[in-house]
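Taking it in order: structure first as structure tokens, then the write-up.
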């Protein structure tokens, strides 16, 4: 939509977004891209046609949560909404609808933010002045829709699985002409006998003109994940709101639409106030018979079934020819904001009682904003040798006050909320101006819990254990907070060989008392640090060498015994006239006849033995 010289707002409808700094690159009207491989397609579709968005089921495992600092309200576990809560304690539920609005730059309400709990990396929050905010959704209240697209919880509805999952799609930009009709057709993949509820909502763009008009743009989160989405200028979003046009409910009984009796409930008075006819609604279809400028904007279709399936589609309706008449402006790429943190560490450390060693988190960072506040915190929970494995629910670090994190099953074998863990050490860098090397030029204040008896090194990223007792065995979790928000999480299991426990990281929230425990097998095998114990390393080398020597000795003895058996058989059991030996003919008994020197010499010369009538001579024929 041309240059971005002021903040913009975007409707996020993509799946599987990795957290990080929000950037809008090449913000010009571009062709619609397929989310999975970003193949380009036609920008516009013909007027008076029926449009069917492309949907794709392969997406990443992540979920978005909208939340704000409005008044606290009771949380309904059966509702597809999440009620805003302050102190960053909004949490994710298995809801099946999704809608939100991006606002980069000047905020509508600095308390309302968009964040992603299911990734270990940065949350989407850029501070009070440059935060990512949301506006009220659907019926104008402060409830914010969410979606859970964890592939382990849903199957593929298009393949007929019993546990379908929400489906991705590509955005559709529809060009219409004044006084002409247009039809929007959403993708419908239904299962026989399931009751479906469809909702059409509408964000008008009547007050949005020029560069403030909604447009499909290329959006990047961090430097690795980019996608197409609808972007609306912040000034436009302040002057308009989203309306829920209608809701339709029916039970799918067959392939023919005529067999599906449905009920349409018009929940918006927008078009009545404008003295215009509301759009006609059918299952998966929205029709406008005569297009006026009041019908232009963003249409969002959501469908959820009684079996837990959920899907959606987004349409951007604009005047035909707008992109040709709009003055082209050069693309502007905003400077990156926030920070990026990456860590490398071992997930386990085996020690012997009395050892002295260091537990290091190798932290690599790239900070784009200054001044900033940085908190490095070490947390600890003891391990139970009967737990195989220990489970770390990283989502609870982003939502420490969520009920699922504070009250869950099998608490002795899990790490959830930081409120339930012990704080070992922390280092704080406040109002730091040096983004390149904060450890050298910024004042860091460290605090150690004396009960652990550990030493903090390397600016707060390394714990030193001295004369380590068995009681310090446990799961140590390292958390990086940037400007008050969780940016990175890492963990290490410290234990002896006798009480070693594996640990894995889980996505999502832990099961509560009313939910069955997870049945999936661990996907990750925790590596053991090969250099953690000299005694263990020496024993491994010695055992391996002894095994090799023993194997060689066994092979040698087997080969030798086999050769001896074969040789003895050939000498003792060789048949007559073999190639190597043959039996001599019998001669007269020398004791019964007169002996002569000549006969004795002959017998001694040929190596024979005499003493009977069956005198036998063995002669080597090869000589």
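Backbone N, Cα and C atoms are what each Cβ position is placed from, and that goes for glycine too.
Ranges compared are 208-236, 237-265, 266-294, 295-323, and Swiss-Prot records region 'Interaction with gI' for 208-236. The range from 518-538, 539-559, 560-580, 581-601 that Swiss-Prot describes as transmembrane segment is residues 539-559. Note: the Cα of residue 437 (N-linked glycosylation site) and the Cα of residue 396 (disulfide bond) are spaced 30 Å from each other. Look at residue 437 (N-linked glycosylation site): DSSP puts it in coil. Residue 266 (N-linked glycosylation site) has 405 as its nearest neighbour among the recorded positions 405, 413, 432, 441, going by CA to CA distance.
Among the disulfide-bonded residues listed here, namely 387, 396, 405, 413, 396 has its C-alpha nearest to that of residue 442 (disulfide bond). Sequence-distant contacts of residue 438 (sulfotyrosine), defined as residues of its own chain at least six apart whose C-beta falls under 8 angstroms from its C-beta, comprise 367, 374, 429, 432, 444, 459.
In the three-state DSSP classification, residue 442 (disulfide bond) falls within coil. Residue 405 (disulfide bond) has 413 as its nearest neighbour among the recorded positions 387, 413, 441, going by CA to CA distance.
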